[in-house]
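Report on one structure; see the data block that follows.
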């Protein structure tokens with residue numbers, strides 16, 4: 001269904017009021033690899049392909065999302081994320097031929113000297129430094145702030161892209177200008193009726209839902225945990241009442257699915273309204289064996 005909010009986004013102002021609604025579906029963890037199963041830290045430096053289980057997980061996610069009409073698809077450029085994206089789109093009823101944008105800003109967190117070694121090594125290094133995972137940064141790795149900068153940069157780009165496309169669409173279709181008033185009256189909270197299952201398994205397109213874009217993002221566990229944390233802490237993303245603190249801090253299952261509704265307006269200064277529909281959903285994996293690494 002993601003930053004410099006205090007200063008706004010540097011968007012060109014085409015219209016005084018233009019309200020944008022975006023559904024963002026994120027696959028928070030690519031399918032399983034051999035290294036996942038063996039509890040080996042991959043990060044960016046280990047570019048393993050999916051295991052047999054990983055391909056099964058990705059296909060299951062594809063079936064779950066098969067009735068969704070995505071307008072944009074973005075993926076990390078690491079092999080496991082690319083293969084996950086390809087497997088998801090192969091099951092789509094509408095998006096088999098959609099162009100995929102591979103973006104290095106969606107890569108997993110870089111773990112430096114800890115990559116290619118057991119996860120237990122990273123924990124031992126953190127303990128030796130008097131710190132705890134995930135806040136500890138091993139030599140040559142990325143800090144959490146650096147990962148957040150990548151998240152911010154990608155989200156700003158995504159918002160600019162969709163806004164510019166929407167403005168060009170309005171310029172070429174002036175008869176649709178009246179729809180902005182209707183969208184303005186909707187709050188992010190009122191969009192909770194877009195239930196996760198209903199949204200994913202509806203055959204209606206974005207016009208039927210009043211959406212300007214339906215975006216699929218495939219990335220990695222540590223990266224997406226930072227991204228979701230940024231939504232909640234900095235953008236005041238609202239959550240379903242059923243989400244617990246434990247779930248917020250838990251690692252997503254392989255191919256765990258989250259969905260967000262995002263509303264923003266094209267002004268020089270604005271703050272997006274974000275509502276989480278579901279978080280790290282994994283019921284499509286029922287019956288499959290997978291490792292939560």
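Placement of Cβ uses the backbone N, Cα and C atoms for every residue, glycine included.
All TrEMBL annotations are machine predictions without curation.
Remember, it's a predicted structure, so these values are computed and weren't measured experimentally.
Feature list (source: TrEMBL):
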type    : residues               : note
BINDING : 80, 108, 109, 110, 111 : substrate binding site
Whole-number Å value of the largest CA-CA distance among 80, 108, 109, 110, 111, listed as substrate-binding: 17
Local Cβ density at residue 111 (substrate binding site) - other Cβ atoms counted within 10 Å: 28
Distant-in-sequence Cβ neighbours of residue 80 (substrate binding site), under 8 Å, six or more positions away: 30, 31, 33, 42, 47, 48, 49, 50, 54
Sparsest Cβ surroundings (other CB atoms within 10 Å) among the binding-site residues 108, 109: 109
Cβ-centroid neighbours of substrate site 80, 108, 109, 110, 111, 8 Å, sequence order: 41, 42, 43, 44, 45, 78, 107, 115, 220, 222, 223
